[in-house]
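Trainee: Have a look at this one.
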Amino acid sequence: ARHKKAFMSLNSSASSHPPYFLLTGIPGLEKEQFWIAFPFFIMYAIAVLGNITLLLVIKTDPSLHEPMYLFLAMLAFTDLVLSTSTLPKMLAIFWMGSGKIGFVSCLVQLFFIHTFSSVESGVLMAMALDRYVAICRPLSHSSILSVTVVVALGAMVLIRGVLLVTPTCFLLHRLSFCQHHIISHSYCEHMAVAKLSCGDTRDNAIYGLFVALLVVGSDTILITVSYTLILREVMRSPTEARRKAFSTCVSHICVILAFYVPALFTFLTHRFGQSIPPHIHIMVANLYLLVPPTMNPVIYGVRTKKIRDRVLLLL
């Protein structure tokens, strides 16, 4: 009887999941989506080409096997996964109206998006720590941030993302959706999917808030402290050294702002921004996963002389 009850409960849970979800794209801009897809496609092409070029240049040049460039390679790989997890499906919605996505496929997409968003945040934090050590403790840089330490940091950031995001998939899987299957979004996002449920989603909301505050909170605090110490050290340096340090840090700050500003806007809008028009919210959410992967290789390719020289040589 106990086994029968468990089987019926499992069967009931499975039947409460719709066979597929329907992604609508950008609510309110359905007629304009066809044309919006063209700049999105161009940005995606730049992101793929730029990040693959960065990975190839760093891999093939032994002189670039230093902490800064290894972290940059991690960032490029993360950007490739983030953009590729969303853009092909998004373009299919915009150009062909193909918004159908299976329940399991939706959870897989959601897992990759949230895991590698966490990874990107962690890599940006690691890059800020690298800049702090390079500028404030230059003589100890090679001993503190050896290749082994860099690889360990990268592995820890990835494991953190996997461990924190995996429970969200289980929390969603246990929900009943009562045949509600239309997601007013361009991709599967945790709370966008949870809001379709006819059950209690407080656990999802609380856990999502906990993960966001843990990841973004800890990473932004470490980034802020690192750059505050860097700024204090730079202001004591001679003029030429100060100019060079500022030039390096400006690139990192641009990348950090391009990632965190739309990420925070999207996170806060999901929970507290009911007055913000849906098309603005979804458009910013789309750009949050597309702008950083597009900008990062351009910023680092243009502003980092060693990479710029290698790319020109490759061309």
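The backbone N, Cα and C atoms fix where each Cβ goes, glycine too.
Automatic, uncurated: that is what TrEMBL annotation is.
The annotation domain 'G-protein coupled receptors family 1 profile' is assigned in TrEMBL to 50-300. What TrEMBL records for 34-57, 69-95, 101-123, 144-165, 205-230, 250-268, 280-302 is transmembrane segment.
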Trainee: So what's near the transmembrane segment (250-268) in sequence-distant terms, Cβ-Cβ under 8 Å and 6+ beyond its ends?
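Mentor: Tertiary neighbours of the transmembrane segment (250-268) are 75, 117, 120-121, 124, 127-128, 131, 212, 216, 220, 223, 227, 281, 284-285, 287-288, 291-292, 295-296, 299-300, 303-304.
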Trainee: Ranking 34-57, 101-123, 144-165, 205-230, 280-302 by Cβ pairs under 8 Å to the transmembrane segment (69-95), which is first?
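Mentor: Between the candidates 34-57, 101-123, 144-165, 205-230, 280-302, the best contact partner of the transmembrane segment (69-95) is 34-57.
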Trainee: Mean pLDDT across the domain 'G-protein coupled receptors family 1 profile' (50-300), rounded to an integer, is what?
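Mentor: Taking every residue of the domain 'G-protein coupled receptors family 1 profile' (50-300) together, the mean pLDDT is 87.
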